[in-house]
Amino acid sequence: MNELHIEGLTKSYGAGEPVLRGLALTVRAGALAAVLGPSGCGKTTLLRIVAGFLHADAGTVRLGDRTLVGPGVHLPPERRRIGIVPQEGALFPHLNVARNVAFGLTGTDRAERRRRTEEMLDLVGLAGHGDRMPHELSGGQQQRVALARALAPRPQLVLLDEPFNALDSALRTGVRSDVRAALRATGATAVLVTHDQQEALSTADLVAVVRDGRVAQCDTPQNLYRRPADPWIADFVGDAVLLRGTVDDDGTAVTALGAVPLADPPAGLRAGTVLLRPEQLHLTDVDSVGTVRGTVTDVSYYGHDAMVTVTVEGHDTPVGIRVAGPLTVRPGEKTGIRVVGEGGLHGDDGSPRG
Amino acid sequence: MPTSPSSARPTGTLAAAPVGREPQHGPDSGRRRGRRLAGRFGTAGRRPPLILLVPACAAALFALLPLGYLAVRALQRGPAFAWDVVADTRTLDLLGRSLGLTAVVVTACLLLGVSLAWLTVRTRLPGGRAWSVLATLPLAVPSYVAAFAWLSAEPGLAGFGGAALALTLVSFPYVYLPAAAALRGIDPAQEEAARSLGHGPLGTFLRVTLPQLRPAAAGGALLVALYVLSDFGAVSLMRYDTFTRAIHTSYRASFDRTPAAALSVVLVAMTIALVAAEARTRGRAGHARTGTGTARPVVPVALGRWRPFALLWCGTVTAVAVAFPLGTLGYWLAVGSSATWDLGGLAQTAWATFGVAAAGAGLTTFLALPVGVIAARHRGRGAGLLEQAAYAGHALPGITVALALVFFAVRYAYPLYQQLPLLVGAYAVLFLPVAVAATRAAVLQAPPVLEDVARSLGRRPWQVLREVTVPLAAPGVAAGAALTFVVCMKELPATLLLRPTGMDTLATRLWTETGAGSFAAAAPYAAALILLAAVPSYLLGRHRT
């Protein structure tokens with residue numbers, strides 16, 4: 001019912017380079033999609049066009065069975081039934097919490113408005129806070145009220161613009177999961193814009209990586225991390241180890257880290273870049289049989305794990321290895337490296353696997 | 001486990017990796033973030049809605065009316081005649097006198113303003129805070145009140161010296177305020193660096209501090225110049241002929257008003273040139289300021305044995321600029337008997353002043369509202385032109401606006417001639433800049449993202465204006481209205497020309513009585529003026545804190 005369907009969206013500011021170049025994206029009803037991209041990739045422009053604050057040059061935006069943007073069509077924002085949750089909440093400072101939440105509830109009677117307001121505040125865990133003024137709330141509470149305000153008029157779509165950016169990292173995880181729960185409870189389709197790959201992977205059902213005004217890949221968080229479409233995406237969504245490799249007849253790649261089994265080796269591709277994640281590399285004894293040797297250059301310890309940087313002969317840049325257990329190596333020491341699991345192979349032109 | 005927040009990127013990755021390399025927001029980055037927020041959801045660039053555009057255009061046209069009509073009128077008898085008036089030796093004489101007075105007053109104001117700013121901001125002067133309040137107080141004294149005070153104490157001051165003295169003492173805060181702000185903004189690390197590189201305190205001041213102070217001081221100096229050129233009260237009471245006084249005399253003396261119009265055009269050309277220059281220095285000053293971030297507080301200079309001299313200097317300036325006018329006023333109030341005080345007349349005049357100033361402030365604020373909202377929320381050539389047009393009054397001396405409206409009313413709207421609406425209209429043209437600036441600042445305080453949120457929650461543009469923009473901007477707009485009320489009440493030259501026959505304001509009565517030498521009779525009007533102006537000023541001060 002509330003499926004968001006975007007096609008061929010194009011936008012440029014003045015005579016400058018286009019910001020969106022025929023962007024296409026479909027978010028199924030009730031899903032939470034993250035639009036992930038570096039600054040300047042066009043994700044904010046996309047959000048503003050969907051919300052109705054910007055006019056697109058070309059393309060269509062459909063929500064359910066309604067066309068919001070199309071040739072000759074530009075529905076004004078107030079008629080789109082799209083809720084927005086801006087950065088830092090942006091609550092109306094002159095209205096108390098209850099009146100903020102009730103702001104979008106027009107055309108209903110007072111009792112119904114009050115009931116809906118209380119329901120929404122309850123949903124975001126702020127029941128009884130209706131009389132507070134926005135400045136009396138913490139940052140996380142303001143963000144929850146902003147969500148309640150956006151959800152109150154039962155929008156078909158909710159747009160969240162880096163809503164957790166302003167929060168302390170300690171607070172962020174809690175607010176994030178509460179927001180997700182509230183969105184699930186209402187069944188609204190939601191699009192979260194962010195430049196933080198962790199936020200995208202941990203919050204969304206679906207992640208669309210935007211690059212140069214197009215969706216470079218749109219997939220589940222797990223697929224995106226494990227099977228990125230190209231090395232750039234691999235590196236953007238997480239730490240990556242990228243190695244030159246040639247394909248053997250048995251479907252393994254020969255790399256500086258030895259033979260790496262390939263996941264679905266693409267037909268006909270004989271050489272390319274092999275992608276591994278740092279947690280796929282394990283440290284072993286230097287003398288183990290069949291192991292590749294390297295020299296530890298740096299160790300960064302994080303508590304729950306550590307990143308060990310190792311230089312390997314035949315590979316010009318050091319590789320990162322994530323170590324979960326207790327640390328046994330120090331910079332300057334020799335170590336062995338073993339690869340666990342399969343790698344992904346990418347063509348040299350950056351073309352997607354297989 | 002996916003990546004953790006703290007995990008470093010191993011060096012074996014591709015170079016392009018903006019994740020986690022975005023500028024980290026420190027605790028003090030609220031302002032920057034706010035601006036970014038504004039950029040993301042701001043309405044900037046969108047065409048203003050008609051509900052704003054139509055009244056804003058009307059206000060802008062209204063503000064430009066005097067300027068346009070002045071040009072038409074000055075050329076009415078042909079460019080040759082206008083040129084004859086302009087090129088007349090008398091005009092050149094006036095030009096010399098006006099510029100001479102301006103130069104002297106500006107120089108004196110720079111000396112007073114910069115020295116006081118440095119002493120109050122950068123040194124361990126006892127009572128620094130109190131001095132900085134005292135140094136801004138002269139702004140509340142109208143030039144003709146200062147002239148009244150000096151003339152009544154020493155009638156022999158009339159002429160160039162008296163005019164320069166009175167004008168300097170009321171306008172040096174225009175230099176003091178920006179200079180003090182600039183001194184507060186200079187990062188002390190720069191001066192410390194200069195000291196560590198071998199420059200003494202004086203060398204550091206001359207080579208590091210002063211150059212950074214220059215844009216602020218220059219901006220202030222140009223404001224002073226504008227003030228002097230458009231002043232009518234002080235120069236006319238001091239009987240020193242400048243453009244404004246000559247225009248007034250010429251208008252009063254003859255039925256042919258073309259000479260007055262031609263002189264006005266010359267005066268307006270001068271003031272417009274000054275405003276343009278001021279705008280340019282202001283623009284550059286903005287760029288010259290670097291990284292105002294979180295500079296350490298300045299370590300004040302110990303004055304040592306210079307302390308008594310510094311105190312004497314500050315004390316003298318504030319004594320002659322603030323204490324002296326008040327003292328003189330008190331003296332004349334005490335000397336005057338109830339016979340010289342026409343209490344009924346005073347009350348009537350005060351009431352009339354209150355009414356006309358309130359009407360002026362009301363109309364001005366009403367006209368300023370759409371222009372201010374557009375100026376704050378929309379970019380583009382059209383919005384820029386609208387704002388510029390509304391600021392025309394900034395460059396127009398009161399007497400020229402009055403003349404233009406007289407001409408216009410006589411020709412096209414005779415029923416309005418010498419009627420209250422014309423006077424209120426003149427106030428609106430003159431003080432539209434005050435109200436527009438206040439409205440614009442007030443609207444800018446409200447993040448535009450709030451308006452976008454309101455739109456997404458089902459409000460049409462005019463509803464957003466009514467429910468979000470205006471309520472949020474209301475305190476600032478009200479403050480602007482109070483300020484406009486005060487300046488309307490103090491206005492003299494336009495009021496003299498445009499007031500309905502038989503009506504007096506406190507300012508015009510004060511001017512008439514002083515001009516006739518009846519200082520004791522003038523004093524109550526000055527006192528009432530200061531009292532009436534003090535109320536909104538006091539409220540404004542409370543609003544700010």
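Glycine is treated like the rest: Cβ placed from N, Cα and C.
Unlike curated records, TrEMBL annotations are generated automatically.
If you check TrEMBL, you get these features:
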type     : residues  : note
COMPBIAS : B:1-10    : compositional bias 'Polar residues'
COMPBIAS : B:22-31   : compositional bias 'Basic and acidic residues'
DOMAIN   : B:95-276  : domain 'ABC transmembrane type-1'
DOMAIN   : B:350-540 : domain 'ABC transmembrane type-1'
REGION   : B:1-41    : region 'Disordered'
TRANSMEM : B:50-72   : transmembrane segment
TRANSMEM : B:99-119  : transmembrane segment
TRANSMEM : B:131-151 : transmembrane segment
TRANSMEM : B:157-177 : transmembrane segment
TRANSMEM : B:216-240 : transmembrane segment
TRANSMEM : B:260-279 : transmembrane segment
TRANSMEM : B:310-334 : transmembrane segment
TRANSMEM : B:354-377 : transmembrane segment
TRANSMEM : B:389-414 : transmembrane segment
TRANSMEM : B:420-443 : transmembrane segment
TRANSMEM : B:464-487 : transmembrane segment
TRANSMEM : B:519-540 : transmembrane segment
For the transmembrane segment (B:260-279): best-contacting stretch of B:50-72, B:99-119, B:157-177, B:519-540, by Cβ pairs under 8 Å: B:50-72
Beyond the flanks of the transmembrane segment (B:389-414) by 6 or more, those residues with Cβ under 8 Å of it: 59-61, 63-67, 69-70, 73, 226, 229-230, 232, 243-244, 247-248, 251, 257, 260-261, 264, 267-268, 271-272, 274-275, 368, 371, 375, 422, 425-426, 429-433, 436, 491-494, 496-498
Same-chain residue ranges lying at least 6 outside the transmembrane segment (B:99-119) that approach it to Cβ under 8 Å: 125, 131, 135, 160, 163-164, 167-168, 171-176, 179-180, 183, 213, 217, 220-221, 224-225, 228-229, 235, 240, 242, 310, 313-314, 317
Among the ranges B:354-377, B:420-443, B:464-487, B:519-540, the one whose Cβ pairs under 8 Å to the transmembrane segment (B:131-151) are most numerous: B:519-540
Okay, the transmembrane segment (B:310-334) and the transmembrane segment (B:157-177): do they have at least three CB pairs under 8 Å, pairs separated by 6 or more? yes
Short question: which residues 6 or more past the ends of the transmembrane segment (B:310-334) have a Cβ under 8 Å from it? 112, 115-116, 119-120, 123, 125-126, 131, 134-135, 137-138, 141, 145-146, 148-150, 152-153, 169-170, 172, 303, 519-520, 522-524, 526-527, 530
